[in-house]
Amino acid sequence: MASKSEKAVKKAQKLSKEPSVELTDTKSSDNVTPKQKSPNSTEEDVSLNLKTLKAKKFKLAFVLITVLSFITRFWNLNLPGEVVFDEVHFGKFASYYLQGKYFFDLHPPFAKLLLALVAKLAGYDGHYLFDNIGDNYKDNGVPYVTIRAWPALLSSLVPPVVFLIMKESGYDLLACIVSSSLVLFDNAHVTEGRLILLDATLLFSMVCAIYCYVRFFKLRHTPFSRPWWAWLFFTGFFLSCTISTKYVGFFTFLSIGLSVCLELWYLWDIKTGLTVERFFQHFLARFFCLIFFPFLFFLFWFYMHFNILTISGPGDSFMSLEFQETLSDNPITANSTILNYYDIVTIKHMGTNAFLHSHPEKYPIPYDDGRISSGGQQVTGYQFDDENNYWMILPADHYDPPIEAKLNVPVKNMDYIKLHHVGTNTDLMTHDVASPYHPTNEEFTTVSVDESAGKKHEYTLFQVVMSDNTDPQRPLYTKASSFKLIHKLTHVAMWSDPKPLPDWAFKQLEINGAKNIQTGSIFWTFDDIIGLKDSRLKKEKKIPKKLPFWKKYLELQLTMFRQNNMLTEFHPYSSNPSDWFTLHHGIAFWAKSEENKQIYLLGNPIGWWIIAGTVLSTTVVAAAEILLRQRGIRTLPETVRNHFYRSTMFFYMTYVFHYLPFFIMGRQLFLHHYLPAHLAGSLLVGAFIQLACRKSFRSPVSAGVPIPKDVDEKGHSKCHRKYGHVIELICTLLLIFVVIYCFTFFAPMTYGDKSLSVDEWTRRKWLDSWVFQYQKQN
């Protein structure tokens, strides 16, 4: 018969195999403090030894994951020694930062500023603009290995942080290893993480935000303590870093924000015993740390962006003329000339770059759709130089003598003017007749000089309203002044539709009067003065103007979102979100066909398909649990259920928030947009495997039947407790083996460092939709 001490040892060993599932009660194995024990407490000795052994296993696994992560990311970092895919863009942006030249990009500046800083510290001066994929770095004197080392460093830290997230969330060692390995040995993460790109910064910031939030959540029973404040603050800081890198970081805000809202809803419950005052202290703490301060950090990077990029550059054309006036050496402001009445000018629409144009041809009566036009002279938009683009600016009282008093008078903001078409000797007008394409917009045409001076006088008056409408007496300049032309009588604004008119208008653009005079697409510029010969030809050096930060920031934000929505054209490597789930498409990053080398962005197929299966399985389990619980059927023990919804479903919702929004986006999308969702899916896989292997489910058919003898009070099957760890171990080893094999199998296209034969490339083409680039043998 076993002694009491032997029974105690066996009991402790069994207890040690049970993972802690309650997020709040799970403590880091680094901080285990043994209880004070009596001299003969054998059970406590065994428990302490087991905890120490467990802590050592976690540390050993963490170190191994970290070392392997650095090896996979830094392996042959110097290869290829050529520009790869979007290094064309982000390397160029780093050069522009170092040159101080203004550029435009769709992404916030944080990660790009970091790349520029690393390049600066490496001694790079920004002389090379990363012009083409395949350009040799050494030939152009670029310290590319040092610059690549920064994203490689951040990418190397992602798998270890994933490991820590799982550990702090209460999962066992095997679950931690599974989740971190799916990121560690993912080919797409490695490819994106070792090049001059932004995704390494995005993913590192994302996992750090999740890790900090988990640490903060575990301290919810000790609110307002120093550690509580610290983890809350760092959660907000890393959330700010995610959205300051790419706007998809907003999805991380949503993921953590949902959890925070649910937590606040729980605290609002009167059963918690919190006073209203105490609740609002909780609310304000989260508001300032998770919204207010992150927004300040976000603004700071734009402030740095504007203060560094002070010289005119390739991004000027995306911004308003008012913005461009703040940049030194801007050709538009440098070559601008003050406008006087009776100048002959060309007038350009800022949206379509079409010149205001007219010719003797008339509008057809009727149009093809049966609507009736005025039959007047056509006024169109023409995107090329032509003498029919010439218009003379006349004062509103031009036909009232004497004219001499009106010569050499500047045209000013808010003035009423007439526009005289030089080629046909007619004046511009609009009236209450529908335009060719827009029944609600007014037709633009011209009238004779006699009519303009007589009964049509009011119809030919237009007010010049500058985009910067603060000074009503501000003079207008060519190129540098943007304005809208508002009709005095009907209050419509002249606008150019980008859709070409039919053959009767020679495929030129429609000019019409838009009733919405607040839209940003109705602005024009006086592009040039024809035949200028007076003293205005002498250009004086202009000092850049000042513009408030908020005005520059808001304009840039609107431009970024507008340009982002315009990215709808077909791209040979774009893909749909539904393709990412099964890894249906990849992206050709770089190729050297003569050597049969290439870099092809492709995830680890086995890892991606495991994540896809886990997402579907979790969806089924969660739906079944909710539906059955409504019928009074408990499928999960209460402790397991709490952990499932607090932790596993948090990872699930993080995946959902980083994946589903792409289905409603109309812009071009690429495989790398899925990487944040893949990372969240990796966390979910580890959690789900532990749940499936270590926790029992009570069968619905046994509801109402007495609990069997082999099931304890928590719903754990004795058989399940005995063999669950073994099952999980087998599943983990099998999964990791397959994932590592798959990673090494596709490694040549991850690193681009190995020439493969045609047969070897063909064997790697598991799906016909994967388009590899290599020379086929004759």
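Numbers run from 1 along the shown chain.
Even glycines carry a Cβ here, placed using N, Cα and C.
Sequence annotations record features per position, and here Swiss-Prot assigns compositional bias 'Basic and acidic residues' to 1-28.
The region 'Disordered' annotation in Swiss-Prot covers 1-44.
Residues annotated as compositional bias 'Polar residues' in Swiss-Prot: 29-41.
Swiss-Prot lists 60-80 (among others) with the feature transmembrane segment, giving sequence analysis as the kind of evidence. Long-range Cβ contacts of the transmembrane segment (60-80) within its own chain (Cβ-Cβ under 8 Å, at least 6 residues beyond either end) map to 144-145, 148-149, 152-153, 155-160, 163-164, 167, 173, 176-177, 180-181, 184-185, 190, 193-194, 590, 592, 597, 599, 751-753.
The transmembrane segment feature in Swiss-Prot is assigned to 103-123 (among others). Sequence-distant contacts of the transmembrane segment (103-123) (same chain, at least 6 residues past either end, Cβ-Cβ under 8 Å): 89-97, 143, 146-147, 149-151, 196, 198, 201-202, 241, 243-247, 298, 301-302, 304-305, 308-309, 313-315, 318-319, 559-560, 563-564, 567.
Summarising the annotation, Swiss-Prot assigns transmembrane segment to 145-165 (among others).
Residues annotated as transmembrane segment in Swiss-Prot: 196-216 (among others).
According to Swiss-Prot, the feature transmembrane segment maps to 223-243 (among others).
According to Swiss-Prot, the transmembrane segment annotation covers 248-268 (among others), on the basis of sequence analysis.
Within the chain, the transmembrane segment (288-308) has long-range Cβ neighbours (under 8 A, six or more residues past its boundaries) at 97, 100, 108-110, 113, 229, 232-233, 235-237, 239-241, 243-244, 256-257, 260, 549, 552-553, 556. For 288-308 (among others), the entry in Swiss-Prot reads transmembrane segment.
Among the features that Swiss-Prot reports, domain 'MIR 2' is placed at 408-467, with the record citing sequence analysis. The DSSP breakdown of the domain 'MIR 2' (408-467) into helical (H, G, I), extended (E, B) and coil residues amounts to 8 helix, 29 strand, 23 coil.
Look at Swiss-Prot and you will find 474-529 tagged as domain 'MIR 3'.
A Cβ distance under 8 Å defines the sequence-distant neighbours of the transmembrane segment (608-628), meaning residues of its chain 6+ beyond its ends; these are 182, 186, 581-583, 634-636, 641, 644, 648-649, 652, 655, 678, 681-682, 684-685, 688, 700, 735, 739. Marked as transmembrane segment by Swiss-Prot on the basis of sequence analysis: 608-628 (among others).
The transmembrane segment feature in Swiss-Prot is assigned to 644-664 (among others).
Positions annotated as transmembrane segment by Swiss-Prot: 669-689 (among others).
A Cβ distance under 8 Å defines the sequence-distant neighbours of the transmembrane segment (726-746), meaning residues of its chain 6+ beyond its ends; these are 172, 174-175, 177-178, 181-182, 185-187, 602, 604-607, 610, 689-690, 693-694, 764. As annotated by Swiss-Prot, transmembrane segment applies to 726-746 (among others).
Counted over residue pairs 6 or more apart, the CB atoms of the transmembrane segment (145-165) and the transmembrane segment (669-689) come under 8 Å in at least three pairs, which marks the two as touching.
Using a Cβ-Cβ cut-off under 8 Å and counting only residues 6 or more beyond its ends in the same chain, the transmembrane segment (669-689) has close neighbours at 158, 162, 165-166, 169, 171, 174-180, 182-183, 186, 188-189, 192, 199, 202-203, 206-207, 210, 248, 251-252, 255, 571, 573-577, 579-580, 585-587, 601-603, 607-608, 610-612, 614-615, 617-618, 647-648, 651-652, 654-655, 658-659, 662, 728, 731-732, 735.
Under DSSP, residues within the domain 'MIR 3' (474-529) fall into helix, strand and coil as 3 helix, 28 strand, 25 coil.
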